Amino acid sequence: MNHMSASLKISNSSKFQVSEFILLGFPGIHSWQHWLSLPLALLYLSALAANTLILIIIWQNPSLQQPMYIFLGILCMVDMGLATTIIPKILAIFWFDAKVISLPECFAQIYAIHFFVGMESGILLCMAFDRYVAICHPLRYPSIVTSSLILKATLFMVLRNGLFVTPVPVLAAQRDYCSKNEIEHCLCSNLGVTSLACDDRRPNSICQLVLAWLGMGSDLSLIILSYILILYSVLRLNSAEAAAKALSTCSSHLTLILFFYTIVVVISVTHLTEMKATLIPVLLNVLHNIIPPSLNPTVYALQTKELRAAFQKVLFALTKEIRS
């Protein structure tokens, strides 16, 4: 009640105007949140450690400074940004009861989440293009996927997502929030926040849907097209061994794509079926922002021979240092 009274102001029109939101955490299991914070904290620390280690390994090994691993390094930075955008605040809610978040902070978090998720989708598309050129046009690969192209593609994704995401928090900030300010969530999601608005929130829902289709929808379509062309090229190879080797270079990337976009689709379905305030979609939303940053380095380390060898070398050096 203290949070509620402190975060509502009376305007000249005698309406209660919200000045801050209260994030209640996972719906229906508030008493378990201290226990849930432990795996979340471990996932966050493992995400930071694993992604940082990947970056160091790529930086220190000239043999790994190839387009595929450079894109992986960029993905690692995006993953750390995404995890850091949400997990520290969630842990503050669970450990210190820091449930209050100001409107500017909330809208900034909405922007950051959408930006990093869009960047992840964009980098996955860049990695799909890299695999397409490597398998379908191997002789032209060095002249096509150059350092200049990688830089331009990355800058394009930054600009694209920066522009695409801007309308989402801007429209959310223009809504009239009155009376209710408690959100059954661990983070500021656009649809969760705008569901508290007193005025028409359809522009926000339409905007998010359109931008999602223009951004991640187009990324996924191009990724699918890339893999159709890759599969067509592989099936034309005379050697089964060569075909298997070509497809093996895509296994890590395909694993990330399937996990990332499957959860995106499930979350979208839960929003369309009006399940926004129940435990499952809230939990999925949080996991979608923390599992990929933790999973991506592990997938590549286990499935990529060069990176696995570099990991083993680092672990051997660390073990030797500890024993000495």
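Think of each number as a place in line: the chain as shown, counted from 1.
The backbone N, Cα and C atoms fix where each Cβ goes, and this holds for glycine too.
With respect to the membrane, Swiss-Prot annotates Glu105 and Thr270 as residing on a common side. Between the listed ranges 86-106, 149-169, Swiss-Prot ties the annotation transmembrane segment to 149-169. Counted within 10 Å of its Cβ, the other Cβ atoms near Cys106 (disulfide bond) come to 22, all protein chains included. Sequence-remote contacts of a segment are chain residues at least 6 beyond its ends whose Cβ falls under 8 Å from one of its Cβ atoms, and for the transmembrane segment (282-302) they are 26-27, 40, 43-44, 46-47, 50-51, 53-54, 72, 75-76, 79-80, 82-83, 85-87, 90, 113, 117, 120, 184-187, 189, 252, 255-256, 259-260, 263-264, 266-267, 270, 308, 311. Contacts between the transmembrane segment (109-129) and the transmembrane segment (35-55): absent, as fewer than 3 C-beta pairs lie under 8 angstroms at sequence separation of six or more. Here the Cβ of Cys198 (disulfide bond) has 15 other Cβ atoms within 10 Å, regardless of which shown protein chain they belong to.
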